[in-house]
């Protein structure tokens with residue numbers, strides 16, 4: 001079924017961002033003038049899928065959108081970015097998030113809408129893609145039951161999985177750990193899940209070890225400008241690997257974590273024998289490019305925007 005052999009399939013969320021920029025946040029009951037308004041595309045699942053697609057992966061998105069102007073625009077956005085929308089369905093519930101931003105502050109209202117209606121029936125309809133993918137990615141902006149079912153289907157079909165437990169929830173079903181080939185979270189998510197305060201690389205190592213004990217095969221904890229730590233259950237004697245991030249001047253870090261995961265999915269699908277630390281180092285560099293532009297998906301680089309050595313099979317010198 002070569003027509004359905006996708007590199008990366010993402011099961012997850014998509015959101016339309018309605019953003020108003022103002023000199024400050026309004027007080028309760030107050031109306032103020034803003035100086036800029038724009039509509040953007042977001043949602044963790046869609047962000048990750050589009051970053052993988054822009055790097056050259058053959059991708060498909062399994063999600064729900066609203067039967068409205070925003071949903072139609074999002075479908076076109078997927079097409080414009082080379083993401084196969086065949087496994088997308090629609091609902092009369094809209095999917096939006098509204099932002100009010102000022103210098104250094106923001107207030108956000110999310111209406112998850114159709115995202116929460118994505119369920120087992122949708123996964124069964126997408127099974128030809130899920131079962132033949134090289135990598136499946138899921139998160140927690142849709143129903144956790146749906147995300148876990150997607151991971152299990154991938155596991156049953158020997159498809160590599162990346163699970164991003166974001167937004168993190170306490171008392172996560174233990175099966176999430178066992179169904180994750182790569183369990184990738186940031187420091188705050190690792191802290192909530194393990195109870196280990198994460199402020200340093202060493203702290204992240206302790207949290208990562210706890211996640212390995214729960215059944216993950218590999219763990220990545222992202223630490224922003226400090227880079228990442230990588231731990232493998234198959235190499236317990238080597239301990240943790242710290243992969244530093246190259247210094248950049250960040251303009252907007254929104255969506256950088258999703259850029260990282262999308263790039264990681266690309267590398268896992270395209271270079272399956274590459275060491276995980278090397279994939280993480282390269283994904284760090286891709287995310288580092290994204291933070292140098294304003295916006296979420298608007299900041300995500302295409303293959304042509306990235307150095308050729310990021311697509312080489314030869315390991316880069318760190």
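Keep in mind that glycine also has a Cβ here, set from the backbone N, Cα and C atoms.
Those TrEMBL annotations? Automatic predictions, nothing curated.
Quick look at what TrEMBL annotates:
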type	residues	note
DOMAIN	7-301	domain 'Carbohydrate kinase PfkB'
BINDING	15, 16, 17, 43, 44, 45, 46, 47, 141, 258	substrate binding site
BINDING	186, 222, 223, 224, 225, 226, 227, 257, 258, 284	ATP binding site
BINDING	252, 254, 290, 293, 295, 299	K(+) binding site
ACT_SITE	258	active site, proton acceptor
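The separation of residue 258 (ATP binding site) from residue 15 (substrate binding site), Cα to Cα, is 14 Å. Across the domain 'Carbohydrate kinase PfkB' (7-301), mean pLDDT in this model comes to 92. Counting only the Cα atoms, the space from residue 186 (ATP binding site) to residue 252 (K(+) binding site) is about 17 angstrom.
Take the Cα of residue 44 (substrate binding site) and measure to each of the binding-site residues 225, 254, 293, 295: the nearest one is 254.
A gap of 15 Å separates the Cα atoms of residue 46 (substrate binding site) and residue 290 (K(+) binding site). Of all the binding-site residues in the list 141, 223, 225, 227, 258, the shortest Cα-Cα distance to residue 299 (K(+) binding site) is found for 258. For the pair residue 290 (K(+) binding site) and residue 258 (ATP binding site), the C-alpha distance works out to 10 angstrom.
Proximity of residue 141 (substrate binding site) to non-local residues of its own chain (separation of 6 or more, Cβ distance below 8 Å) is seen for 12, 13, 15, 43, 44, 45, 112, 115, 166, 167, given in sequence order. A simple way to gauge crowding: the CB of residue 44 (substrate binding site) has 28 other CB atoms within 10 angstroms, across all the protein chains here.
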